[in-house]
Amino acid sequence: MGLEEKLPSGFLLTTVEGLAGYARKGSLWPATFGLACCAIEMMATTSGRFDLARFGMEAFRASPRQADLLIVAGRVSQKMGPVLRQVYDQMAEPKWVLAMGVCASSGGMFNNYAVVQGVDHIVPVDIYLPGCPPRPEMLLNAIIELHRKIQEMPLGVNREEARAAAERAALASTPTIDMKGLLR
């Protein structure tokens, strides 16, 4: 007989990681990094029609030290890249990044020297949200997907090793502007 048979019915069994993931996913504090038209759609998501508060995100944080989700909305110029990295480094662990819009994800239609071809060359991105600009419903769907990822994330040393390996791989990749292909 296992432990499950000896406990009274209705008794909840879970792992510490599962419980911590459930608590973390319901208490995300987003910081905005709105740089273009995607920021307007991000602001619309906080309105009563879409009700971002039901996901535990009542207010966007003004300081990165109070946030654990960075939503990069819009294109990032080369001069803004170090500022984005500084904001990311100031955030408390655990932290997540959502690249909102095609400009944040891959540079969008701005294929020139002045625009970073994807913020994943500056910070590690957890969720990519396509669209130009993506609708508030798509942002809500991306947040739900991020909740699923957070629920399944390991705790402690395993999480730190996985995060460090992902960041090293992303920063060591070839920049999109250096890639040669059919569109060049």
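Every residue gets a Cβ built from N, Cα and C, even glycine.
Keep in mind that what you see is a predicted model, and the values were worked out from it rather than measured.
Listed in Swiss-Prot:
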type    : residues             : note
BINDING : C37, C38, C103, C132 : [4Fe-4S] cluster binding site
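On the structure: features taken from Swiss-Prot.
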residue: C37; record: [4Fe-4S] cluster binding site; contacts (Cβ under 8 Å, 6+ apart): G74, G101, P133
residue: C38; record: [4Fe-4S] cluster binding site; contacts (Cβ under 8 Å, 6+ apart): A73, G74, M100, G101, C103, A104, P133, P134
residue: C132; record: [4Fe-4S] cluster binding site; contacts (Cβ under 8 Å, 6+ apart): G101, V102, C103, G108
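For the recorded [4Fe-4S] cluster site, residues C37, C38, C103, C132 set the reference point as the centre of their Cβ atoms, and the other residues of that chain within 8 Å of it by Cβ are A36, E41, A73, G74, R75, M100, G101, V102, A104, G108, G131, P133, P134.
In the three-state DSSP assignment, the secondary structure recorded for C38 ([4Fe-4S] cluster binding site) is helix.
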